[in-house]
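Chemist: Here Swiss-Prot flags 35, 168, 172 as L-tyrosine binding site. Annotation source Swiss-Prot lists motif ''HIGH' region' at 40-49. The annotation motif ''KMSKS' region' is assigned in Swiss-Prot to 228-232. According to Swiss-Prot, the ATP binding site annotation covers 231, on the basis of sequence analysis. Marked as domain 'S4 RNA-binding' by Swiss-Prot: 352-410.
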């Protein structure tokens with residue numbers, strides 16, 4: 001296991017760690033029980049969480065045992081953000097999200113065998129602590145000076161930070177302590193913005209038990225311009241297919257920038273170093289083929305949505321630009337297309353003409369522009385060329401009875417729903 005950290009670093013999964021030599025020796029000694037936490041701040045995990053799960057998978061494949069903590073307690077509080085106070089969700093909502101995220105994380109790890117992953121909820125032990133317990137047994141070991149020096153707290157001091165969010169570090173440190181006591185957990189992993197919480201937990205364990213535990217954090221994934229990776233114009237890219245369709249998910253990764261795609265492949269793809277280095281050469285020599293982007297999109301969509309949904313997403317991408325049969329697409333895929341295209345909605349009454357549908361869907365700006373597209377042979381309804389500018393849509397034109405696609409030229413596509 002001596003090369004484990006080297007491999008994780010090559011894959012870009014290590015931003016920082018506690019004493020590297022000590023951590024490397026600890027991992028080499030035998031199976032290590034480690035944990036990563038997921039707070040239920042929404043009903044679904046997103047791309048950022050997948051980075052953590054890739055690290056979990058890599059460690060588990062090397063024989064280490066994962067504890068996946070879903071924060072039923074910490075999710076009621078919220079880790080402080082740079083930009084302001086978090087909205088506090090109702091207990092019932094958080095409890096529902098806990099169950100949803102439990103189901104999601106279990107998909108990405110092995111829950112059988114000697115080093116089977118175990119899912120835990122920090123509500124189970126946190127709820128047993130009284131206010132006096134927390135202040136006396138936990139808070140006593142934390143320096144307010146050091147808590148104030150934390151980057152996120154320092155930035156929030158001027159605008160204000162509640163005692164609730166200020167105290168979040170105590171709860172996360174308590175989690176590490178409880179998992180160490182209950183399961184022998186000696187390593188906490190997380191995103192780079194959790195570094196302060198992780199080291200605080202390690203220090204708390206050292207002070208209260210004398211034991212040495214470890215921490216390892218992954219970098220925050222960004223685009224070439226430095227902004228957060230994992231968001232589109234329509235919002236966050238989720239792993240829940242009800243929130244982000246397989247089509248939208250596949251397209252998101254297919255659009256990865258050339259300058260970043262190899263970085264993303266190393267993090268998210270199970271491909272070997274040799275395969276990824278070969279794709280790096282292809283990207284440099286023939287960037288227009290987008291070989292690395294296709295591999296990235298395929299690998300991650302297979303993982304999150306399954307092979308069949310990935311194939312459906314690819315078929316949809318071909319079909320909307322006239323290179324496949326739209327009527328072969330299933331209703332789920334058709335509806336995801338309309339969502340991605342920002343479909344206009346027909347409220348009822350007589351259906352519009354194709355030209356009217358093109359205007360409504362934003363494919364052309366004006367009816368005269370639509371008529372011109374028809375006259376030039378560049379107007380399409382469900383990939384069929386339109387010859388008559390006064391042709392009116394019918395029931396049969398709505399795919400799966402729901403969506404009609406209009407297109408101008410080769411690439412400008414819109415949708416109308418009913």
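Note: Cβ is positioned from N, Cα and C throughout, glycine not excepted.
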Chemist: For residue 35 (L-tyrosine binding site), just count the other CB atoms lying within 10 A of its CB, please.
Modeler: 23
Chemist: What same-chain residues lie close to the motif ''HIGH' region' (40-49): Cβ under 8 Å, and 6 or more beyond its ends?
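Modeler: Those are 70-72, 75, 78, 86, 89, 94, 96-98, 100-101, 104-105, 191, 220-221, 228-230, 236-240, 243, in sequence order.
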Chemist: Could you measure the widest C-alpha to C-alpha distance across 35, 168, 172, the residues recorded as binding L-tyrosine, and give it to a whole number of angstrom?
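Modeler: This binding site's residues have a maximal Cα-Cα distance of 18 Å.
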Chemist: Please report the Cα separation of residue 172 (L-tyrosine binding site) and residue 231 (ATP binding site) in Å, rounded to an integer.
Modeler: 27
Chemist: Between residue 35 (L-tyrosine binding site) and the residue listed as 'ATP binding site', how far is it from one CA atom to the other, in Å?
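Modeler: It is 26 Å, counting Cα to Cα.
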Chemist: So, by DSSP, how many helix, strand and coil residues make up the motif ''HIGH' region' (40-49)?
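Modeler: With helix first, then strand, then coil, the motif ''HIGH' region' (40-49) has 3 helix, 1 strand, 6 coil.
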Chemist: For the motif ''KMSKS' region' (228-232), what does DSSP give as the number of helix, strand and coil residues?
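Modeler: Split by secondary structure, the motif ''KMSKS' region' (228-232) comes out as 0 helix, 3 strand, 2 coil.
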